[in-house]
Amino acid sequence: MEDPLSSYKLIKDLRSGGEGKAILYEKDGVKYVGKKRLFDNLKDANQGLKEAMSLARIVHPNTVRFEDAIMTQIGDQIEITIMMEFCEMGDLLDFLIELSEPQHHHTVTLGSELSSLNLGSEYTGSDIDSTTSRTSSSSSTNFEAALLLENNNNNTIQHSHSSSSLVNGTTSPTNATTPPITTTTPNNRHSISTPTLAGTTTATTASPSSPSSPSSPSSPSSPSSPLSPQQHPVTSPQRKSSKSERKKKCSLKERKCIVKMTVDLTKKIFKKDNSNHTTAATTTTTTNTTHSSSSSSNLNIEEHVIHSNEIKKGVDSIYLIEQTQLIEWLLDLSYGVQALHRASMIHRDLKSENIFISGSNKLKIGDFGLAIQSAHHTGSIHSETVGTYCYSSPEILNSTYDKTTDIFSLGCIFYELITLKLLSHNRIYLGEDMLNDRFDSMQFLSTFPEKYEKLAPLVLSMISKNPTFRPSIESIIETLQKMDTSLLKERVVIKRENTIKGIRKQLDKSHFQEASLLLATSFVKDPRFFNIFPPSDPHSIPHLQHLYKYILKVLSSYNCSIWGYFAIDGTMVSCFVWLNPEKKKEIRLSDCIKGSLSLVTKIGLKRVGLILDLMRFDDNILSMAQNNNNNPNTSTSNLQTFKGSSSSSSSSCNHWFLAYCCTSEIFRGNGIGSHMIENVLNWADHNGVETRTVVFENNSIEFFQHHGFEVGSEFKSNLPKGVNKVMVLVRKPKQIY
């Protein structure tokens with residue numbers, strides 16, 4: 001019988017691993033990767049054919065294309081060769097390793113100590129173990145990292161990260177003395193076992209120059225995990241190469257995938273020289289610098305684009321993937337996952353090592369060895385722990401998962417592409433940290449470059465501990481498609497002086513006229529009011545002002561905390577209204593009656609009737625926030641129609657509730673919102689009580705997430721016309737030391 005492989009011309013071996021090897025073939029001028037595996041019996045071989053079946057089911061531009069599956073008898077064993085598309089640019093992990101800065105090989109918890117790794121602390125290149133190899137495979141790029149680290153051994157590099165909200169947009173360095181924190185796997189092993197190409201393991205230990213360095217957990221990924229066949233030939237070093245040898249190897253390696261990169265300006269321009277001024281030589285060599293003619297003498301710095309093959313890799317990388325290329329890649333990955341899910345497949349091992357780059361720089365999902373059919377399952381699928389530890393969701397670590405676990409892993413890859421910080425190199429284990437209540441969402445958000453902070457809430461939602469709160473792949477695609485990449489182009493304005501000076505103080509009745517106008521102007525486009533006070537109606541703002549003036553009077557009788565911020569000329573530019581702890585959050589029937597009588601002559605009987613319905617709806621919202629029901633499918637019909645919170649226990653009232661907040665449009669982006677909210681948040685932390693609020697649109701979430709709020713509940717049914725959903729946001733009190 002003719003050998004089925006005879007029609008393919010063998011080019012070279014690409015990689016060998018614990019489960020087999022990958023070989024490059026050519027047929028009719030087209031190159032293919034053959035993934036070879038040996039099995040002892042037919043039953044095991046049939047299991048091995050699952051990957052071929054999974055590949056054959058998916059035909060999509062963003063998944064690796066299946067070509068053929070060949071089964072051959074070799075003695076007592078069965079060999080299966082799966083032929084698939086060859087992606088000549090290699091895998092995404094190798095590409096990211098080439099671009100990313102060498103990191104401390106420390107275990108990291110995304111808590112308050114996260115920034116001690118490389119986000120704001122000083123460190124020297126000599127502290128890094130240059131012998132550590134990448135998890136699941138070895139790569140010659142490690143020699144590049146080791147060489148560059150040796151060249152920088154005597155240089156102290158200082159990094160900074162954003163610790164700002166969307167409101168103030170400032171940058172501050174992290175405390176350089178913060179010690180790194182150690183985490184361990186459930187087995188509490190203190191060394192990292194890295195599978196080599198031969199299937200054996202090598203131990204990675206902390207650098208001798210850093211005796212206090214925490215040890216790293218052992219990765220559950222076994223040497224027999226499915227092979228990533230698209231990678232190029234590499235050699236696992238048996239000894240430390242000399243500096244000259246490594247230099248020679250580095251010079252022979254060329255970057256094959258070339259994409260546009262952009263300068264991370266917020267990191268670049270805030271580097272200071274010894275005199276505490278912005279280093280002029282640094283900014284002018286990479287950006288266009290102009291001085292504004294305004295009185296504040298602002299410094300405007302425009303974005304600069306460079307190709308990835310022009311970048312000299314160093315320990316203080318200032319480059320990010322250019323915004324258009326980044327969004328294209330994020331969409332490539334999303335389209336690939338969408339194709340899987342539409343075919344009722346769960347990949348279960350999404351990671352940057354299993355993402356391949358085609359000749360046209362398109363990303364393709366591959367390695368379907370752990371993919372599983374989900375069409376005949378309802379609810380969660382119960383199985384053994386699978387996947388790769390750094391990218392594993394909390395539920396997959398608990399062996400219970402569904403399609404949403406792919407969303408979690410996809411969020412991890414998004415994080416690596418956006419930040420160029422590799423999870424495995426930084427020892428970041430998101431799923432483990434969430435299971436052990438060590439994950440700090442605020443610290444996670446602060447690791448994003450300010451240039452791409454608009455993407456941070458999306459990624460945070462994708463890695464939500466609760467799978468129910470993760471967005472669908474369709475929702476992710478819609479968000480990315482609607483994103484205007486021009487808004488991600490960076491233009492940094494350094495304010496030479498603070499142009500906003502004012503005072504924050506509590507309001508009394510004499511301020512309600514001005515506060516109500518500010519609220520009316522800010523909330524005229526609130527979806528709750530679309531049908532009552534259309535934004536296009538010139539009378540809507542005056543009518544809303546009457547309504548808010550009455551609301552402020554009522555809330556003041558409840559002893560609520562009403563705060564305003566006044567600019568230097570005495571104009572009120574911000575207003576925050578808080579319902580205090582220990583007070584029932586409800587709208588009383590008597591207030592509704594008084595309100596309808598006082599407003600009927602000002603806004604008309606019909607609108608008063610609609611407002612009464614709205615008050616009932618608002619009362620249900622207070623009940624939602626008070627009970628903090630964590631079932632996102634709960635609707636207002638399941639709550640009490642009126643005075644919904646009156647039956648709640650007194651303990652459920654013990655939280656601050658932000659009822660209204662607004663800042664005049666021309667004063668936004670100057671940190672006023674953060675200044676207004678921080679006093680109550682500090683009180684809440686001191687007293688150990690929660691803070692809650694409610695939002696009706698996704699674009700309102702970002703500000704609150706930057707201040708530690710998370711989505712506690714979401715409601716989508718039985719809502720007033722114009723309101724698509726209601727989200728209750730909850731902020732847990734931070735521990736004060």
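The backbone N, Cα and C atoms fix where each Cβ goes, and this holds for glycine too.
What Swiss-Prot lists as active site, proton acceptor is Asp349. Secondary structure at Asp349 (active site, proton acceptor), taken from DSSP and collapsed to helix, strand or coil, is coil.
Following the DSSP three-state reduction, the secondary structure of Leu14 (ATP binding site) is strand. The feature ATP binding site is assigned by Swiss-Prot to Leu14, Arg15, Ser16, Gly17, Gly18, Glu19, Gly20, Lys21, Ala22, Lys36.
Per Swiss-Prot, compositional bias 'Polar residues' is recorded for 156-167.
Swiss-Prot lists 168-229 with the feature compositional bias 'Low complexity'.
Taken from Swiss-Prot, the feature domain 'Protein kinase' applies to 8-488.
Feature annotation from Swiss-Prot assigns region 'Disordered' to 155-251 (among others).
Here Swiss-Prot flags 278-298 (among others) as region 'Disordered'.
Within 10 Å of the Cβ of Asp349 (active site, proton acceptor) there are 24 other Cβ atoms, across all protein chains.
A distance of 18 Å separates the Cα atom of Asp349 (active site, proton acceptor) from that of Gly20 (ATP binding site). In the three-state DSSP classification, Ala22 (ATP binding site) falls within a strand.
Cβ neighbour count for Leu14 (ATP binding site): 22 (other Cβ atoms within 10 Å of its Cβ, all protein chains included). Summarising model confidence by region, the domain 'Protein kinase' (8-488) averages a pLDDT of 64. Residue density at Ala22 (ATP binding site): 22 other Cβ atoms are found within 10 A of its Cβ, drawing on all protein chains shown. Neighbour counts of Cβ atoms within 10 Å were taken for the binding-site residues Ser16, Gly20; the minimum is at Ser16.
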